[in-house]
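Novice: Not my notes, these are from TrEMBL:
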type	residues	note
BINDING	78-91, 291-303	NAD(+) binding site
BINDING	Arg98, Arg108, Arg136, Asp227	substrate binding site
BINDING	Asp227, Asp251, Asp255	Mg(2+) binding site
DOMAIN	6-362	domain 'Isopropylmalate dehydrogenase-like'
SITE	Tyr143	site 'Important for catalysis'
SITE	Lys194	site 'Important for catalysis'
Amino acid sequence: MPSNKKLLILPGDGIGPEVVREVRRVIDWMDRRRAVTFEIDEGLVGGSAIDVEGTPCSDATVAKAKSADAVLFGSVGGPKWDSLPFEQRPELGILRLRKDLGLFANLRPALVMDPLVDASSLKPDIVRGVDIMVVRESTGGVYFGEPRGVETLPDGKRRGFDTDVYHEDEIARVARVAFDLARKRRGKVTSVEKANVMQSGRLWRAVVGEIHKAEYADVQLENMYADNCAMQLCSRPKQFDVILGNNLFGDVLSDLAAALTGSLGMLPSATLGAVDPTTGKRHALYEPIHGSAPDIAGKGIANPLAQILSFAMLLRWSFGMEEDAALVEQAVGKVLAGGLRTADIMQPGMARVGTTVMGEAVVRELDKLSA
Ligand code: NAD
């Protein structure tokens, strides 16, 4: 029988391979203890792909990604490749994958785990219990809209310009992702734009409202101006469940929501494509939000939890393995509650450990939880 758990792993550069190794430990555990077998392929991406294949993401890697049920991505980039021209940089590897797989909905959870509540720069009372999912449209809007450029005017002065443009279908498909997510969470979507000053924002609000009325009346919809949302995230973040935004506002607000948790090494993400109407499947890529951290690469001290939590998202959204996803998330919570910390989340009185010990501890907790 063909596998429906075809997984492509692209470790990338810097700490990418180090943290992905810890996910392999979790995968081995699932194979051993829960009899879940994945069909795994690996590939090169980023700087390591430039070194071997001459390009940050080869056609062969894209083909593998297209035929996989999900892609687990590490991170790319590093000083070795910093002097390359823009069109050859490692970061283009991830951009090509997003574009070629049509990954338009970026999901970034901002979850404040109780043991790490002091890691936030906000007061514990404000952030304790925060559990937000930011859904960002990631292939349209002002980062791609035409015309764009810098021109020199007749008086010799320069003028820079970009275009924020959205087709209603682009808004509708990402809105559906947000509403579907809200149904599985606490049933509320906050859609952000600047409908007061932007035409594309007016259309955004109208289309989200139409989709809501026609298909998701059971979900609560709230419209909020993006600047107000930024303020509310800092003052009353617990009011939010799912935040839906365009490429620009989603980018800024997901970083702000991430900052509430105070720890880059803890945050996973997913980017989803459209559901294929014939197979019911969708392309999806899962990665931590952090980069390749060249400053600590090779030292064995990187926090593997964001990568492991990205794998939990993959189990949930691509393989429908809710129970296993929750188990992995619980194991991470238990390890933190037990006092283990990598250097990036170190707190007084806790035990400092490296990447491998942290990965092993997660597997030990998985064992205990499923005993
Ligand atoms: P970064 O996220 O790599 O690192 C920022 C800081 O956080 C560093 O001090 C790093 O040591 C620390 N850090 C990050 N992840 C950590 C982890 N898991 N455990 C412990 N500490 C961690 O961001 P940067 O320094 O701006 O970028 C470094 C490289 O990564 C650049 O080449 C950049 O282009 C690339 N990058 C890639 C991606 C991606 O692959 N999607 C995303 C962001 C940055």
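Every residue gets a Cβ built from N, Cα and C, even glycine.
Keep in mind it's a predicted model, so treat the numbers as computed, not measured.
Surface or core, plus neighbours and distances: that's what I need for these features.
Specialist: Every protein chain considered, the tally of other Cβ atoms within 10 Å of the Cβ of Asp82 (NAD(+) binding site) stands at 11.
Under the three-state DSSP scheme, Arg108 (substrate binding site) falls in the strand class. In sequence order, Met133, Val134, Arg136, Ser254, Ala257, Ala258, Leu267, Ser269, Ile289 are the residues of the chain that are 6 or more apart from Arg108 (substrate binding site) and have a CB within less than 8 Å of its CB.
If you take the C-beta of Asp251 (Mg(2+) binding site) and look for same-chain residues 6 or more apart in sequence within under 8 angstroms, you find Arg136. In the three-state DSSP scheme, Asp251 (Mg(2+) binding site) falls into the helix class.
Confidence over the domain 'Isopropylmalate dehydrogenase-like' (6-362), given as mean pLDDT on the 0 to 100 scale, stands at 95.
Here Tyr143 (site 'Important for catalysis') comes close to Asp162, Asn247, Leu248: these same-chain residues lie at least six apart in sequence, with C-beta atoms under 8 angstroms from its C-beta. Mapped onto three states, the DSSP output places Tyr143 (site 'Important for catalysis') in helix.
Long-range neighbours of Lys194 (site 'Important for catalysis') (same chain, six or more residues apart, CB within less than 8 Å of its CB): Gly201, Tyr225, Ala226, Asp227, Phe249.
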Novice: If I take the Cα of Asp255 (Mg(2+) binding site) as reference, which of the binding-site residues Asp82, Arg98, Ala297, Ile301 has the closest Cα?
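Specialist: If we rank Asp82, Arg98, Ala297, Ile301 by Cα distance to Asp255 (Mg(2+) binding site), first place goes to Arg98.
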Novice: Taking the Cα atoms as reference points, how far is Ala293 (NAD(+) binding site) from Arg98 (substrate binding site) in Å?
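Specialist: So the Cα of Arg98 (substrate binding site) lies 21 Å away from that of Ala293 (NAD(+) binding site).
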Novice: Determine the Cβ neighbour count for Ala297 (NAD(+) binding site): the number of other Cβ atoms within 10 Å of its Cβ.
Specialist: 19
Novice: Using the Cβ centroid of Asp227, Asp251, Asp255 as the reference point for the Mg(2+) site, which residues of the same chain not in that list have Cβ within 8 Å?
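Specialist: Other same-chain residues near the Mg(2+) site: Ala226, Ala230, Gly245, Leu248, Phe249, Gly250, Val252, Leu253, Ser254, Leu256.
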Novice: So which of Arg98, Tyr143, Lys194, listed as recorded positions, have a Cβ under 6 Å from an atom of ligand 1?
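Specialist: Going through Arg98, Tyr143, Lys194 in sequence order, none turns out to be close to ligand 1.
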Novice: Could you tally the C-beta atoms, other than its own, that fall within 10 angstroms of the C-beta of Gly78 (NAD(+) binding site)?
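Specialist: Excluding its own Cβ, the number within 10 Å is 21.
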Novice: Under DSSP, is Lys194 (site 'Important for catalysis') part of a helix or a strand, or is it coil?
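Specialist: Looking at the DSSP assignment, Lys194 (site 'Important for catalysis') belongs to neither helix nor strand, so coil.
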